[in-house]
Each structure stands twice: as C-alpha cells, then as structure tokens.
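Per TrEMBL, ATP binding site is recorded for Arg110, Lys149, 154-160, 184-187, Glu192, His215, 270-271. As annotated by TrEMBL, domain 'ATP-grasp' applies to 114-300.
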Amino acid sequence: MNDSAKPLLPGSTLGVLGGGQLGRMFVHQAQAMGYFTAVLDADPTSPAGLVSHHHIQTGYEDPQGLAELARVADAVTTEFENVPAAALAALAARLPVSPAASAVSVAQDRAREKAHFVACGVPCAPYAVIETAEQLAAVAPDLLPGILKTARMGYDGKGQVRVKTAAELAAAWASVGKVPCVLEKMLPLALECSVIVARGHDGATVHLPVQRNLHRDGILAVTEVFEQNLPPALIQQAVAAAISIANGLHYVGVLCVEFFVLQDGGLVVNEIAPRPHNSGHYSQNACDVSQFELQVRTLARLPLTQPRQHSPAVMLNLLGDLWFAHGDAEQTPPWAQVLALPGAHLHLYGKREAKRGRKMGHLNVTGPTPEAARATALQAAALLGIAPF
Ligand code: ATP
Ligand code: MG
C-alpha cells in the first residue's frame with residue numbers, strides 16, 4: 001500500500017474548507033472519532049470555526065490561508081458547494097483532497113451537471129442552456145412553463161425564476177443579469193426524494209436509505225425516512241442512479257443526489273450536492289453510521305460499511321422564522337417542551353442571529369414505528385409553529 005492509500009488514523013488532522021453548519025457537524029463527528037480538525041473560514045463566528053481545534057480566518061482563495069490549512073491538516077474536504085474549485089486544486093497539489101475539484105466543479109454548474117446526468121444515462125428534466133440572446137430566442141416552446149435557474153451559485157431556491165411565457169423568460173433572464181442559466185421545464189411532481197452515497201478512494205460505495213423530502217418556498221422543510229414510505233422499485237432505481245452518477249465522477253466522498261418523482265411515477269434527477277446534505281441529517285440519530293461519519297471515513301480512507309437505519313425518522317428543519325413566530329419580536333422557541341417529547345433530538349448550529357429563511361438547526365425525531373415518529377414530529381411542529389405535513 002503506498003502512502004496515499006493508507007488510512008489516516010485518529011490523531012491525524014482533518015481539514016474542511018467552509019465554516020457552515022455542515023462543517024460544524026463534520027468537525028463534531030471527526031472529533032468524536034479522535035481526530036483533530038482545522039476549518040478555513042473568514043468569519044470568526046462561523047459555526048464550524050467555533051468548535052474546531054484550528055480555525056484559519058481567511059478567505060477561501062487566500063494563498064496564505066490555504067498554505068496554513070495544508071500545513072496543519074493531513075487531508076481536506078469541503079462543506080459547501082460553491083467553494084472555489086481553484087482553492088481545492090491548489091490544496092490538492094499539497095495534500096489529499098476529497099471530493100476532487102473536478103467533481104465539485106461539475107456540481108457547481110447546472111449546465112455541466114445536467115450534461116453529466118445525460119452521460120450517465122440518468123434522466124433529468126428537459127432543459128436548455130441559456131448563455132446568449134440567440135440561445136434565449138431559440139428556446140423550444142415546450143420547455144414552458146419552466147424554471148430559469150442561474151447555472152452557478154444557486155441554493156435554497158435562490159437564483160430561480162418561474163416563467164410561463166417567452167416574454168417572462170426574457171424578463172427573467174434580464175433580471176438575473178443575463179448570466180449563464182438553464183431553463184428547466186416545470187414538471188408535475190408527485191414527491192421529492194434524495195440519496196446520500198459515500199464512495200471510497202478504492203471505488204467502493206455505500207448509501208443511506210432513500211429520503212423523502214418536502215420543500216416549502218424552495219427550502220427543504222421536512223425529511224421522512226422509514227420503510228414503505230416509497231415504492232421499493234423507486235428506491236432501487238434511485239440508489240442505482242445515484243451510484244452511477246458518483247461512479248461517473250470518480251467521486252471520493254459523500255454525495256447527495258436529489259430526485260423528482262413525477263405524477264406518472266417516473267424518476268428524474270434534479271441536482272447533486274458534493275457534500276453531506278440537509279436531507280441526510282436524520283442519519284445522525286436514526287442510522288448506525290451518519291452521513292458525517294461517512295464523510296470522515298471517506299476522507300480518512302477508512303473502510304466503508306453499509307449504514308443501517310435502526311429507527312424510523314422525521315427531520316424538521318428549524319429556520320429562523322421560528323424565532324419570530326409571533327410577529328417581529330424575537331422569541332426563544334420552546335426547546336424544553338420539544339425535548340420532553342420522546343425521540344426528539346435537537347441540533348442547533350450556534351448561529352448568533354436568527355433571520356427568516358436562515359437554517360438555524362434541525363430536529364430529528366425517531367420512534368419505534370413510522371406512525372410514532374410522525375405523530376411525535378407533528379407534536380414538535382405544532383409546538384414550534386411549523387405547519388403540519
Ligand atoms: P437546494 O440547493 O437548497 O437543494 P436549489 O436552490 O438548488 O435548492 P433546486 O433543487 O433546483 O434549487 O429547486 C428547489 C425546489 O424547486 C425543488 O426541490 C423543487 O421543489 C422545485 N423545482 C425545481 N425545479 C423544478 C422543476 N423542473 N419542476 C418542478 N419543480 C421544480
Ligand atoms: Mg435542490
């Protein structure tokens with residue numbers, strides 16, 4: 001075994017580019033397993049920076065910050081999608097980095113992402129790339145009504161405009177500054193689901209169970225995972241598609257693949273995230289291996305074992321809105337009442353300021369049966385001011 005294939009054992013230092021909540025949960029997991037951690041994020045109060053052994057407070061492209069990260073860490077991963085691919089590439093010249101810049105850059109660009117799905121033989125929504133006025137004029141009418149999405153930098157429904165007519169499409173493209181976009185046909189969705197895949201340096205893959213997701217206002221609101229929540233044939237299809245997408249990227253790390261299930265039962269891939277994902281958070285309390293442990297294992301080149309879900313689970317996202325449930329005056333959500341519910345597991349990200357639409361934390365609810373988990377989650381939602389689902 002050459003050095004670059006040897007596992008990095010506990011006691012080594014694992015680095016992460018980005019200091020958000022995903023980085024924080026990665027850091028917590030790495031530390032639980034005996035690793036030291038290093039976070040690079042300019043914000044002195046970033047959720048991950050606050051809990052890491054090392055916190056390098058520079059921008060992602062700062063050469064000194066990157067050099068410092070390469071010096072203290074033995075391997076580096078990333079926790080957000082829009083990390084500059086150049087920063088990953090610069091780090092990769094000095095130490096192991098996963099996922100690789102080449103894979104992350106595909107996920108960063110909706111046009112390249114969709115081309116990859118097509119190349120893997122996995123269907124996605126019919127779409128057109130719009131980078132020029134000519135391409136705008138040439139859009140096929142049957143792509144409307146559709147959703148115009150900026151090719152880069154979108155998240156939580158940002159950078160998206162729903163359009164019904166060619167005139168609305170032209171206005172929408174102007175409103176986003178005529179940056180490169182994709183127009184996607186609006187599909188009749190029955191439901192949404194996602195799969196977390198982990199792929200090791202040796203190409204071995206494991207995955208979490210398929211998650212059923214409910215979005216509200218373009219933001220994930222609820223994830224439910226238990227048996228019989230989705231048809232078995234659909235589950236098989238989604239897992240196979242997710243693995244082939246990861247294999248096609250020669251991916252190393254944790255990858256989330258989001259899908260739409262159409263009203264006619266068809267499955268189409270929506271997008272990928274080159275990191276753990278909000279829809280995989282239930283795994284922290286409902287599975288014997290969480291998505292963050294999978295991230296530690298792939299980065300440290302440790303063996304991957306197939307995770308097993310031991311409890312039916314419902315995850316509720318805790319957005320900043322809950323801090324303003326009764327108008328503009330800020331309030332503390334009723335945590336003690338929520339935590340009186342059996343199987344309620346609170347995760348807060350340590351963000352100082354609550355804002356509407358900002359992800360502040362999540363609540364994982366586990367139960368002995370799907371019915372019990374759902375009933376408890378609905379009680380928690382009622383206490384918190386989250387609409388029933
Ligand atoms: P995130 O990164 O938070 O997952 P995003 O900003 O990348 O979100 P998308 O996943 O592209 O956005 O879309 C957000 C939501 O909008 C989807 O989960 C789905 O509910 C809806 N949506 C997006 N594209 C389509 C489509 N082609 N047809 C129908 N609904 C869609
Ligand atoms: Mg999405």
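Backbone N, Cα and C define each Cβ position, glycine as well.
Structure coloured by features recorded in TrEMBL.
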{"residue": "Arg110", "record": "ATP binding site", "Cβ within 10 Å": "23"}
{"residue": "Lys158", "record": "ATP binding site", "Cβ within 10 Å": "12"}
{"residue": "Glu184", "record": "ATP binding site", "Cβ within 10 Å": "20"}
{"residue": "Leu187", "record": "ATP binding site", "Cβ within 10 Å": "18"}
{"residue": "Asn270", "record": "ATP binding site", "Cβ within 10 Å": "19"}
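Under the three-state DSSP scheme, Asn270 (ATP binding site) falls in the strand class. Note on the domain 'ATP-grasp' (114-300): mean pLDDT across this stretch is 95. Classification of Leu187 (ATP binding site) by DSSP places it in coil, neither helical nor stranded.
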